[in-house]
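Take this structure first; my questions come after.
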């Protein structure tokens with residue numbers, strides 16, 4: 001049985017509590033984030049245009065960016081820098097660390113606890129508090145290593 005006591009309020013309620021409306025664009029951007037899992041604003045805009053079809057209205061990139069910023073402020077999405085290019089956005093379901101394959105671009109999510117030792121060392125040696133949610137580790141996945149594509 002699911003524990004619903006700790007679920008965030010529905011999107012419409014969160015927006016209304018801040019004096020905002022639940023627009024179709026906001027709903028669609030959040031839907032695109034969920035569907036793409038790790039999409040850039042441009043990829044989200046493309047997905048929305050494809051879903052709208054030839055006669056549908058697709059938001060422009062600035063609308064996508066504005067809605068992503070709002071949804072992130074509400075805690076519904078997070079952004080992560082996976083390397084070069086625009087950040088990717090994903091649903092804020094649970095904290096996780098991203099590992100990106102330099103060979104094929106595969107993205108895996110792992111428990112941020114794998115960085116506990118590094119975080120403790122950075123805090124002790126340099127006074128930093130590590131925020132693993134906005135960065136990614138780069139490496140070579142097992143499939144690329146097996147295929148001889150190590151970087």
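These residue numbers are counts, starting from 1, taken along the chain as shown.
Note: Cβ is positioned from N, Cα and C throughout, glycine not excepted.
When I checked TrEMBL for this same protein, it listed these features:
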type    : residues           : note
BINDING : 101, 104, 141, 144 : Zn(2+) binding site
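Looking at the shown structure, can you explain where the listed features end up?
In the three-state DSSP scheme, residue 101 (Zn(2+) binding site) falls into the strand class.
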Give the number of CB atoms, excluding that of residue 144 (Zn(2+) binding site) itself, located within 10 Å of its CB.
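Around residue 144 (Zn(2+) binding site), other Cβ atoms within 10 Å: 18.
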Which of the three DSSP states, helix, strand or coil, fits residue 144 (Zn(2+) binding site)?
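It is helical.
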Among the binding-site residues listed here (101, 104, 141), identify the one with the smallest other-Cβ count within 10 Å.
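Relative to the other binding-site residues in 101, 104, 141, 104 has the fewest Cβ atoms within 10 Å.
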